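Okay, structure first, notes after.
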Amino acid sequence: MRNDVHLGHKARKRFGQNFLNDPYIIDGIVSAINPKPGQNLVEIGPGLGAITEPVGREVDKFTVIELDRDLAERLRNHPDLADKLTIHEGDAMRFDFTQLVKPNNKLRIFGNLPYNISTPLMFHLFEFHKDIQDMHFMLQKEVVNRLAAGPGSKAYGRLTVMAQYYCKVVPVLEVPPTAFVPPPKVDSAVVRLVPYEELPCPAKDLRLLDRVCREGFNQRRKTVRNCYKSLLSAEVLEELGVNPSMRPENLTLQQFVAMANWLADNPQH
């Protein structure tokens, strides 16, 4: 049997499909999610049901979002899952997650995310942070490293700052390529993202926070003074507790937010 065919389904390159088939890893992921009846569970990209099936054994109803028509059809006819699932066939990147929220029952989102869309999909999900209890995702290990990174490390970047702005980030489990069919060329890892009830350092204008992050990380080897000279003077940086001669890659989330909030308060400067 060809190694890109699993349970009779051929993995599609354009959907970035790699199917999980290691029972030990699957068990670890389901334990991390810890699904309970009555929770508002949503799986993104259930694929061939490696995580869907064991979650289905724990709960009576949950929702899945699947882009691949054949896989959605397969789930509709699944002997154990068909009655438990609400299937949304379509693109999670364009999906309005507010339609799934129930009173006093926030979303618990999980999935083995296609690596080609994981970053933009997370940015899309952050928009719904108030409606989400937690998220558990299998991602490229390098992406998990970026989510969990601290200032000054190579992995630290815009994704780090925006993820940690909205969520507590907890790496859960490392996953070797051999856990998949076909095996990807990279290591994977599972991460837990828990949106804050109250944002620890709220930005007055998210577009400005995004802008200071982009400008900083696009020129991460410059000094902060040079990087932001068109936006913030050295005096203002000093006032905000930012050393103008440090590099943007060493700025903390709090410092990025302080800079963005100063720009929000001083639009004409």
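Each Cβ is built from the backbone N, Cα and C atoms, and glycine gets one as well.
Taken from Swiss-Prot, the feature S-adenosyl-L-methionine binding site covers Asn18, Leu20, Gly45, Glu66, Asp91, Asn112, and the record attributes it to sequence analysis. Residue density at Asn112 (S-adenosyl-L-methionine binding site): 27 other Cβ atoms are found within 10 A of its Cβ, drawing on all protein chains shown.
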Run through the Cβ atoms and count how many others sit within 10 Å of the one on Glu66 (S-adenosyl-L-methionine binding site). 26
Test of understanding: give the count of other CB atoms lying within 10 angstroms of the CB of Asn18 (S-adenosyl-L-methionine binding site). 24
Tell me which of the binding-site residues Leu20, Gly45, Asp91 sits in the most Cβ-dense spot, judged by other Cβ atoms within 10 Å. Gly45
Three states by DSSP: which one describes Asn112 (S-adenosyl-L-methionine binding site)? strand
